[in-house]
Structure formats: structure tokens, C-alpha cells
Amino acid sequence: MHAKSLTELRAALAAKECSAVELAQLYLKRIEAARDLNAFVHVDADLTLAQAKAADAELARGAGGALTGLPIAHKDVFVTRGWHSTAGSKMLANYESPFDATVVARLQAAGMVTLGKTNMDEFAMGSSNENSAFGAVKNPWDTNAVPGGSSGGSSAAVAARLAPAATGTDTGGSIRQPASFAGVTGIKPTYGRVSRYGMIAFASSLDQGGPMAQSASDCALLLNAMAGFDERDSTSLEREDEDFTRHLGQPWAAGNDAGKPLAGLRIGLPNEYFGDGLADDVRATIDAALKQYEALGATLVPVSLPKTELSIPVYYVIAPAEASSNLSRFDGVRFGHRAAQYGDLLDMYKKSRAEGFGPEVKRRILVGAYVLSHGYYDAYYLQAQKIRRIIANDFQEAFKSCDVIMGPASPTVAWDLGSKGDDPVQMYLADIYTLSVSLAGLPGMSVPCGFGAGANAKRPVGLQIIGNYFNEARMLQVADAFQRATDWHKQVPAGV
């Protein structure tokens, strides 16, 4: 039962093959048995089972919806009433929110059962989930490897089938890269599509929540509940509600032959995504996935995103600048860590922040404060914003000749735990293919498409699919067609 997708579990509940309480108990036992993965940081069986009982009561009355009774885990960046909400930081180690994030509230209103809070890089700053105050997360496929970050706890939980689905956030690739490393499906919606209210902020102009699950169809179900305008979030976009499942299983164009369901689909391949730095085994796996798309009727079209290499310096100016402002609120006064020994108030601020924040967070706060300081704002921050606009324009130019863009989600498979901790630049380079999508505010997703080679044969590879603004339903259709023709998304780590 634990290996079933959300769609399959939904059918099992409808057929009364199991109850919501039985499902919750099953996953809680699995979470306890897999504590060595360190995927979860907060679990409360009483809260979970109370939600499951309420879901069973709804189902018994025939009042349940598409997600009623289905379990989900939440990245610990979403504040959740009744649970600790820490953002992976010592600074918020004992914080309990008096309210639910909009994402959490909407999924609970849809009847979903919260299994717990998943581990993450501190304040979502990291690409490996080694920056957490609660310790590193292990990749279920190879426990010597990282699960990706910053949503590494969520990706590991779904991969190990400790939860059928999880929420994540993506600022520069933090849903797509861990989804790739852990062999699960994850989607970052268009910026503003999903409310950021109650999501502990890293970089406000980039942060976006999204679902992680086994399949594109599962992600579509979740996005139906998560997306929508929220007046409490000033960056939330007013759009008519839509059904993200509406194109699943449908041909790209009416009248397509059943054997060529994607005939007419134009897939853009950026030259810059297939150059130096892309590992040979990842390239071979992506090439095989693209051949599968050709077999389904799609046409491959060369495109160019010439400013791709600038996305790293641009991101690491803009994101730290916004982080330095957002994290200024954590000073040990109202909540969070407070130093035990200090002199005056200013000394308390300094010591509380020095003790409460980890090394990577401190690094980014310092960088952000520097680029925003007098004399450097124009040279760095303003210039980065101008290049950000050029990057977005490059995508729009590319979309004139294609419907979606594809390439690797990461230049390599997951690396060994501890292997890049002393070299932050090498860690940052791992996000080269995801950063520009975030800077442009576009939707993007990662779909499992195979594994590495040799010593990396147990480490998954993800295919990144990028769509134009508000084109999530079509992206999910394209991903779903691939998953109907392959079984990479159904494969599980040994022992699972």
C-alpha cells in the first residue's frame, strides 16, 4: 500500500480497501523505521491521527473531495499551527505558529492529513540539505549521497515512500533539483501562482511553493488545491481557478494518432544546457528521454538562452540582498534563539544572531548587506535586476519557436555527503540550469528519467521541463505523457 501513488490511494479509499486512519498509521510507522534518513524533523502522531479520523468521518458522510484522507508531509518552511515551524534553523528551534500557512490551510481544507514537517536547508539556503540545524538528510537511493536541497527532506520522504506527497519551495531550484536527485516529480509553479503567506521568507521576489510526489498526475491534483489568489500575499496573482488535470491523458492536438499523442509539440533544447559542465552520464540519460519524446511525436527544436551563465552571479546578488532584509526580523526579542549571556540590547542582537544562524545563512546575509550598502547598490543590485530582465526576455524569445523547453535539472547526479561543503561556489554551480527559470518567474518541473552510470548507477537523473507563464497544465500534460510511456517514476530504492 505504501508504494501507491496519490491517485491509487484515492481509489483505495473510495473502494474502502483502507481507511484514512490506517493510511496514516502505515506512514507513521514507516517514518519511525526510517529515522536514519533524517527526512522528518517534527512528527506528532496524535495530531496526525486526529486529522485522519476527521477525514474518515467526511468520507463516511460522502462529503469528501479528491484529496480527503490522503497523507502529505510539509516542508518545515510552511508555518503550521500545532507543530514546530523552524525553517531548519536553531534561530526558530522552538517556534510554534499561531496560524497555518495558506498552502497548509488549503490542503487541510481539501481533507489532506499532515504526517509531519520535513527537514530542509536552513531558511531554504542550500542545495544539499546539509545546512540544517537538525543534521543532514540522506538520499534513500544511496545513503552516502545528498538528497538535494533545500527541499531535501521532502524529496527523500517521497522517494522512500514515507509519504505519498510533500510540499516544497523553490527559490532557485529547491523543488526541481532535489526532485531530480531523489527520483521524484516536483513542480515550481509560475511566480505568484501559489500563495507565500505563512511561508518563512528567503528571497521574496523568487520564493514559490509547489508539490512533490511520485507522478505528474499527483502533482496536478495537489496544485488544484494549492494554487489560487490570496489577498494576504501581496505577490499573489489574480487568476481564474483552473483544473490542472484537464489535459492529462489527452493528445497534444485534436486528431493525433494514439501512438503519437504529442505530435505537434515543439520542444526547445537550449544550446547552453548541453555544453561544458554537463556530466556524460546525465547527458546520455537526458538524450534517451528526448528520444522517447520524439517517439511520442514531439519535434526537437534548437533554441538559445545566451545569458544562462550569468544566472548564478545575478541570483547570488538578488537572493542574498532580499534575505538580508527578510532575516533582519530574527533578533532574539519576540521569538527564536536568544543568547544566554549578553551586555546591552545591541550585544544581545549580535550574539543571538551569531549563535542562531548557521554558516551558510551568515554568508548570504553578509553578501546581501554588502550589495545593498551605500556605494554598491547601483554596481551590484541594480545591475543584477537589469540582467534579470534580459534573462526573462531571452526565454520569451525562445518560446516563439517552441512550446516547452527541456534539459537537465542538474549538471550531475547527487554528490557524496560532505564532498562540497568547503566549496560554496561548486555548490552554487549545481543550480546552473534552474536559477534562470526562477529569475524569470517561469514554471518548471523535474521528472525522473533514468540513472547515472558506473559508481553513480543508483543515483537518479531528472529531466527539467520549462513552460511559459501560467502554462502549468500543458507542462503537466507533457510530463504525464512521458510517464505513461515509461516507468522511471515508479521505481523505488532498494528495500522500499
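Glycine too: its Cβ is placed from the backbone N, Cα and C atoms.
It should be emphasised that the depicted structure is a prediction, and the values quoted were computed from it without experimental measurement.
Now, the feature entries from Swiss-Prot:
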type     : residues : note
ACT_SITE : K75      : active site, charge relay system
ACT_SITE : S150     : active site, charge relay system
ACT_SITE : S174     : active site, acyl-ester intermediate
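In sequence order, K117, T118, M120, S151, G153, S154, A166, T167, G168, T169 are the residues near K75 (active site, charge relay system), counting only same-chain partners six or more apart with C-beta under 8 A. Of all Cβ atoms in the shown protein chains, 34 besides its own fall within 10 Å of the Cβ of S150 (active site, charge relay system). Put simply, S150 (active site, charge relay system) is 5 Å from the residue listed as 'active site, acyl-ester intermediate' when counted between their Cα atoms. Neighbour count (other Cβ atoms within 10 Å of the Cβ, all protein chains): 37 for the residue listed as 'active site, acyl-ester intermediate'.
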